[in-house]
Amino acid sequence: MRKLLLLIAASLLGVGLYAQSAKIKLDAPTTRTTCTNNSFKQFDASFSFNEVELTKVETKGGTFASVSIPGAFPTGEVGSPEVPAVRKLIAVPVGATPVVRVKSFTEQVYSLNQYGSEKLMPHQPSMSKSDDPEKVPFVYNAAAYARKGFVGQELTQVEMLGTMRGVRIAALTINPVQYDVVANQLKVRNNIEIEVSFQGADEVATQRLYDASFSPYFETAYKQLFNRDVYTDHGDLYNTPVRMLVVAGAKFKEALKPWLTWKAQKGFYLDVHYTDEAEVGTTNASIKAFIHKKYNDGLAASAAPVFLALVGDTDVISGEKGKKTKKVTDLYYSAVDGDYFPEMYTFRMSASSPEELTNIIDKVLMYEKATMPDKSYLEKVLLIAGADYSWNSQVGQPTIKYGMQYYYNQEHGYTDVYNYLKAPYTGCYSHLNTGVSFANYTAHGSETAWADPLLTTSQLKALTNKDKYFLAIGNCCITAQFDYVQPCFGEVITRVKEKGAYAYIGSSPNSYWGEDYYWSVGANAVFGVQPTFEGTSMGSYDATFLEDSYNTVNSIMWAGNLAATHAGNIGNITHIGAHYYWEAYHVLGDGSVMPYRAMPKTNTYTLPASLPQNQASYSIQASAGSYVAISKDGVLYGTGVANASGVATVSMTKQITENGNYDVVITRSNYLPVIKQIQVGEPSPYQPVSNLTATTQGQKVTLKWEAPSAKKAEGSREVKRIGDGLFVTIEPANDVRANEAKVVLAADNVWGDNTGYQFLLDADHNTFGSVIPATGPLFTGTASSNLYSANFEYLVPANADPVVTTQNIIVTGQGEVVIPGGVYDYCITNPEPASGKMWIAGDGGNQPARYDDFTFEAGKKYTFTMRRAGMGDGTDMEVEDDSPASYTYTVYRDGTKIKEGLTATTFEEDGVAAGNHEYCVEVKYTAGVSPKVCKDVTVEGSNEFAPVQNLTGSSVGQKVTLKWDAPNGTPNPNPNPNPNPGTTLSESFENGIPASWKTIDADGDGHGWKPGNAPGIAGYNSNGCVYSESFGLGGIGVLTPDNYLITPALDLPNGGKLTFWVCAQDANYASEHYAVYASSTGNDASNFTNALLEETITAKGVRSPKAIRGRIQGTWRQKTVDLPAGTKYVAFRHFQSTDMFYIDLDEVEIKANGKRADFTETFESSTHGEAPAEWTTIDADGDGQGWLCLSSGQLDWLTAHGGSNVVSSFSWNGMALNPDNYLISKDVTGATKVKYYYAVNDGFPGDHYAVMISKTGTNAGDFTVVFEETPNGINKGGARFGLSTEANGAKPQSVWIERTVDLPAGTKYVAFRHYNCSDLNYILLDDIQFTMGGSPTPTDYTYTVYRDGTKIKEGLTETTFEEDGVATGNHEYCVEVKYTAGVSPKKCVDVTVNSTQFNPVQNLTAEQAPNSMDAILKWNAPASKRAEVLNEDFENGIPASWKTIDADGDGNNWTTTPPPGGSSFAGHNSAICVSSASHINFEGPQNPDNYLVTPELSLPGGGTLTFWVCAQDANYASEHYAVYASSTGNDASNFANALLEEVLTAKTVVTAPEAIRGTRAQGTWYQKTVQLPAGTKYVAFRHFGCTDFFWINLDDVVITSGNAPSYTYTIYRNNTQIASGVTETTYRDPDLATGFYTYGVKVVYPNGESAIETATLNITSLADVTAQKPYTLTVVGKTITVTCQGEAMIYDMNGRRLAAGRNTVVYTAQGGHYAVMVVVDGKSYVEKLAVK
């Protein structure tokens, strides 16, 4: 990836570009830069430009012109005219001095006056992000602008910069432009041809240095050199291993071990040292000297470290002050050559304690090993261009847009690119919690924060991205200043436990706008104009996505620093300079990590079954470019890189000399790692399976393999031909010990002359080719008597000897020997004493009876029978095995045995936990086991085993009853093709209407469904919803809507359930009409015809056309709709209503229905001789003979697979037939597979059939084939069946054959078609089983019940359990869900068994709430030993017996009349509560420390406190409070230890400091329970430790003596239960129609229930009310006028206050929406309006 073209001019702050420009065409057709004839001695280069562009600019110093040339940078002395120049980084050989010779160029002068151009603008210095733009002076050198004649640099310049990792770097600058400021003329030199020669170059030393320092990890840097091709002839680069020098604080030795082990396993050669070593030391100087020596020593040995890891904070490894930055830097630990270029990739794992280091390491190991349970977050990134008035648009936005345009997009695999280019930044950091793989922020920063949008170290500590760790880059000031007095931002984000980042790249000093821009996108000459790939050099974004490179976190930082180096000026350093940036940027965390780019690929690899010892190298197959490492116990033995053919030669730096299991790790950039073990030692004599494959469907894993080639477990017979006359029979040897085999040699006077044979076995298997010749006899002439004993450990017969007699050969009969199973060389001899020759049998056959490395499997008996074959004794080998159970298969998952005793070559496991798993299959023989063969499997989904929900327990007498709900809300890891699909869709509209939804304005009035937010339109218990209007504000008036809101496409093969919340925006204008539809086809209005739900929202009262619409929002109601199978879209339609107000919709959720039950068709209900019941048949050939049911009770020759009935179709039935018969199932929508059994006539087996599916109907033309076959030669039985009396001759039935066929999605019907055959006999079908997809049925898991820790019942499928005869006393009952893959957490409930009286409630009353149609029930708690000590609802204010303390002394305290309005906020289920403020409207932020203290209490035995608390504004909710108890006094000093302390949960992120607080949704009321200690006298509620939120509300404080309540209340209306689990002694039943109601309240105890107490109530209608506004609001043109007897404020929709005042406020608006807030007599009014 190379970038050459650089674009136009720079515009620094204080410079604004006009759209006034001119282009001067030059004397070259194109802009072009080339490097040719590249060698160690020289290279040629050419530079040509096709145009100069002039742009008029306005600056603080006046009007100037900016000049730019494609591919050039702006240069010049600060304050002098700025001209463009070209800059290239070049490699310079060792010892060389680069000399430039200009071969030719053209030159032309251009008068800028002819183009109406001003003088060229003065060159400006770089601007730090810490600078105040208003205080930065505009630099103008008057003397420079008075010079006459052309001024400028020499045409070419070269400057040596330093040495970077073995390559000397220089900057080559071309200055094509000179300028005469007085004459206002440009001199342009073009078509420049130069030669750069390297005088004094030492080619040998250059190559030696490059070879010694080379590592593929530095290719990112090498690729940025102009003449980089000089090194393309380098040797075998990929044999260069990765080396890392680690210097760590001594206290980290133990914590560092897991990381060191992993890095060694990954293939890093580690050199680890600690600061307690004398040669390392503890000072900066000693550590630096030690590191430099290590690097130089390594360089001399061609083993220079690639990475330098510093472990610890500055207390153990200090940094040093930068020469340029004057801030802490680690640069000089790795800049060994004395310049500012480092030689090693350096990173610091900064930790102050071993625990913090463990936090960093745990994240790194999970990320690098890819063990995170959900990898989908890797496809998401967060990109933020932070706030800055000028530079956000000039630098921030172009930077982020560049990243999105070229890399972070769908083309590169990213599903979600959360980008925030400018304010508002609402909710931007919430994505860190839900999961992103990369977060990049560019703008301002501090030591402990990203500045705007603000992300502090405190917020980092509160992140919740467990298992979703990311790389973060902060292009901002000082966030990586790691010697700051407290942990800096970069340290905290990496140190936090189970959250945050695994690495952070950031700057220690202030960073600069221009250089940060170059750092990210590459060097260029443009600010404020979108950069292009072609117009920039390589930046950090580009380096991240380099293919086939080792892209590490460190290399990303290097690429950024090199881009800043590229942009530096030659001779006139007006930028801050490259040296500054190499000192500035650091990697905190692990810089050696290779970040994944979206979803990583899967490596294709093959490992040998075992490795031999003492090898110099091993070959391992892996994806090309993979790095392969072999290690054991954290010690690295060898590494290698897979070549283009996918073969890695792993060179062993430490040879393997011991048997055992060794780790093999395969890594490659953007590939998932392979982490395996491989056995070292002799190959196992037990043959493994072959061709193991694994597939997944949902949480179901299917394994398939082939049996060991030596035999088949199904009992088949295999014959292998070896030669002409040798038969080897292999059978189980049950009479030998484990790991042994028996060899038998048998003969029967083969030649009739009493000559015989010997069997010689060499256990060392090293005699073949030497002692045992490849051809010819074993020996000729007389052999030494020790020939056998010296070479062959085992002989048959046992006394075999080279001196042949009839006693030491096998002539007739057999001999045997028992040997250890394993690999042998062997030969079978045929002695010829007369000639003195020892022949080897079978010499004239196809394969002589001599073998090199033959495997004798343990537990087997090998019988070699000698036979005559023609004129010689050639060889045949027969392998026999008549025992189908001679071995079985064992299956392992993740090292755990999960199934053994298998005989089939397939295995299925359902309900597998989500994540990566390794499945292995092992063959278990009688005497031993084979090596495992393994396969990696990734199962998608969630890992959690869902427990039961809502467990309750009760007792009556000694009978205990438990009830619970089935597991829900989490995927069910259980035997199912597709476990619980969970929620298909969930939308709260907090961020508007998603792009995937569709809206249709069918009436065409321009008003469709819209997103709404407070103020004005509050969602259901949230800030936002969607709405549709039948009356519009702002002068719109009456509307007649026909508006559709349509979901994205859904997948509901079995239907689903829709729930949503709906309300009328104005309770007095509530009669909005709407309907819900489902479509199984498209999402146009015409696709929605039959409503599933249609209704008109109930009005609360009589309306008046003049009422103030929108003041009182109606009640939110939840609706539930069943969706039919196949639903693809759901539509919400607002229509047939007019002149109301708005209908609001929120919290739409759709869940897929559970699967249909699996079912099996046995045909037992069908009648012999008739078509099968509930199936459809088609006789397509019209011969009158289709599918029929047959019964074995009617036909002697027939045997059903199960039961007595089958279905059949004939191709011969007394005469030849040509069948085309369909057997069609009923509707099987949702089926994923069909399993069936078939049989044919064993003598005429060719009846062809097909399995077909239809997604539509049951006509023959609706079906397509998914599987077909022609049965042939089954030959497996038939003897047990009788002879056919119907067929022509004996035609026995075959055995039943099982088949399973996968069905495609959308299958509705399945057909079995019998066709394409004739004159055979029949095909039979039986036991057809359909497996259905979807969520689990109740029997997919079972329940286990425990009492007091003892299991008392398991295998339950119902959600209830009863046990009688339970002993009196307290018992704990628990219920656990048992899945195939694991068990859920237990859910428990306490049950008391006794004869206690179950007391009812007391003093139940029912009354109609004032000015509403609600009923309010109140009662007293049931009589009990517990006494209610205090019960306060603050309805009459704060009682005098309570005490308030304004500890901060600001005059604001707890109150029931909060300013500015003076009216109480709504209480919990009442009108009034008590409140304390951290922000008061019109006053601003508060810093409360306010106490609310109870009256004196008497709780000698302790007690229980319950209260309700909420934030008044859900968007400003983070109020901090605590509860204390005092046993002494009631002053603030008496309350020391908090019993409860917390921050209320915020619903959304605060969007604007000036938002109208309190006018949006009130926060959720939470009930809290606190146990009070014995002797408590006072309880205090303290509001403190927070500022600038809004108000905290407190209500319904109840204190009882003794233990917490042990009962709840159940509420009934007209004998129907309407609520349960109620804990307070009041209940509100809203929105009732007029009429009489009977209410009941029951007390539910843990072990019983009370009688129901009742009360009656008559709800009457409300009187007509016409609300009057205490203000007037008019809009005339664009002028808004508010008149009132109070205060008025006008806001925009971002919450910014635009105007405010008393009595009359006038504001001239732009077009858009506004909110008006009026406060009159302590009451607040808010109205939303639109200005056109």
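Note: Cβ is positioned from N, Cα and C throughout, glycine not excepted.
A quick note: this is a predicted structure, and the numbers were derived from the prediction, not measured.
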According to Swiss-Prot, ASP1446, ASP1448, ASP1450, ASN1452 bind Ca(2+) 6; identify which of ASN1403, ASN1411, ASN1490 is listed for that same site.
ASN1490
Annotated companion of PHE482, GLU491 at the Ca(2+) 1 site, Swiss-Prot, chosen from ASP297, ASP313, ASP315, ASP663:
ASP313
Of ASP1302, ASP1588, ASP1595, ASP1629, which one shares the Ca(2+) 5 site with ASP1433, GLU1435, SER1470, ILE1472 in Swiss-Prot?
ASP1595
Per Swiss-Prot, which one of ASN1023, ASN1043, ASN1054 shares the Ca(2+) 4 site with ASP1001, ASP1003, ASP1005, HIS1007?
ASN1043
Alpha-carbon spacing, SER988 (Ca(2+) 3 binding site) to GLU491 (Ca(2+) 1 binding site), which is rounded to whole Å:
36
At the level of the C-alpha atoms, what whole-angstrom distance separates ASP1448 (Ca(2+) 6 binding site) and ASP337 (Ca(2+) 2 binding site)?
60
Counting distance between Cα atoms, which of the binding-site residues ASP337, GLU343, GLY1024, ILE1472, ASP1595 is nearest ASP1003 (Ca(2+) 4 binding site)?
GLY1024
Nonlocal neighbours by CB distance (under 8 Å) for GLU343 (Ca(2+) 2 binding site), same chain, sequence gap 6 or more:
THR163, MET164, ARG165, GLY166, SER213, TYR295, ALA304, SER334, ALA335, VAL336, ASP337
Rounded inter-Cα distance in Å - ASP1146 (Ca(2+) 3 binding site), ASP1433 (Ca(2+) 5 binding site):
32
If one measures from the C-alpha of ASP313 (Ca(2+) 1 binding site) to the C-alpha of PHE341 (Ca(2+) 2 binding site), what distance in angstrom results, rounded to a whole number?
23
Tell me the Cβ contacts of PHE341 (Ca(2+) 2 binding site) under 8 Å, same chain only and six or more apart in sequence, or just say none.
LEU161, GLY162, THR163, MET164, ARG165, ILE169, ALA335, TRP582
Among GLU491, ASP1450, the one of these binding-site residues whose Cβ has the fewest neighbouring Cβ atoms within 10 Å:
ASP1450
Listed in sequence order, residues not in ASP313, PHE482, GLU491 with Cβ within 8 Å of the centre of the Ca(2+) 1 site Cβ atoms:
THR314, ARG348, SER350, ALA351, SER352, ASP483, TYR484, PRO487, CYS488, GLY490, LEU588
When the Cα of ASP1450 (Ca(2+) 6 binding site) is compared with the Cα of each of the binding-site residues GLU491, ASP1001, HIS1007, which one is closest?
GLU491
Using the centroid of the Cβ atoms of ASP337, ASP339, PHE341, GLU343 as reference, list every other same-chain residue with Cβ within 8 Å of it (recorded Ca(2+) 2 site), in sequence order.
GLY162, THR163, MET164, ARG165, ALA335, VAL336, GLY338, TYR340, PRO342
Taking only the binding-site residues ASP1005, GLU1435, ASN1490, which one has a CA atom nearest to the CA atom of ASP339 (Ca(2+) 2 binding site)?
ASN1490
Report the same-chain neighbours of HIS1007 (Ca(2+) 4 binding site): residues 6+ apart in sequence with Cβ closer than 8 Å to its Cβ, ordered by sequence.
ASP1001, SER1028, GLU1029, GLY1032, ILE1036, LEU1039, PRO1041, ASN1043
Of all the binding-site residues here, ASP339, ASP1003, which one's CB has the most other CB atoms within 10 A?
ASP339
Please compare the binding-site residues ASP1005, ASP1595 by how many other CB atoms fall within 10 Å of each one's CB, and tell me which has the fewest.
ASP1005
Which secondary structure state does DSSP assign to ASP1146 (Ca(2+) 3 binding site), in the simple three-class scheme?
strand
